[in-house]
């Protein structure tokens, strides 16, 4: 499709072939005016004889060398030097120096367009490679986190076994009617802390377990609470003051609990990074126009 921008671009583009033709014509005209006319006048001032023609031909050939040298210099300036710069820049890029740019004056011909395109390509290559490096670093961190999650799940599983034995012993001691009230209170406190540890290890194992995506009816508030418990293991996150406002009778939603938990955990960790010196993190759930609204704000 024809457009004004395309027409203007074509008008601004001055091809090399035109420049070379214009250079040749300019040099020819200047050479004719500066050399050929004076040579004709000087050679044939005594008439058109053999000696006059010999003088004319000899000095015409000699005088033609000067404009030809000028013409060669012009062509080298127009074509050879810019191409050499582009070649050197391309070699630098092949050596791994991405982002290398060609420094040359603005030109409205094919070489200028090629240089601009090369610079843009080189900048984009440098940007893309930097992004690839960042993605690779993120992938390595993700793999490490996945390995740590698997290891943590294994440790949590091993911790659960002695916890179950300790819990059973506590229950047996609590059933003894001969213990005093102080001992009962201490046993109750120990049992409460064991349940807390068991809940933490359960959350860790559930989070680390690899399962296929499966959507079920879930309670959003419970998912947020679980994500908060996982985030609370981080010391930096513990600096934040969590302000919760959960609507108690929210309807259940049909979603994948693991994926939703991962989303909330990422949001909480991003909030931690945004407030390295601590601060308030407000988490609110409510119902509006039959839609569940979740607000996480600083």
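Even glycines carry a Cβ here, placed using N, Cα and C.
Automated prediction, rather than curation, is the source of TrEMBL annotations.
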Which of these ranges is annotated coiled coil in TrEMBL: 90-117, 118-145, 146-173?
118-145
Kindly report the helix/strand/coil residue split of the domain 'HAMP' (77-130) according to DSSP, in that order.
39 helix, 0 strand, 15 coil
Contacting positions for the transmembrane segment (20-44) when only residues 6+ beyond its ends and CB under 8 Å are counted:
52-53, 55-56, 59-60, 63-64, 66-67, 70-71, 74-75, 78-79
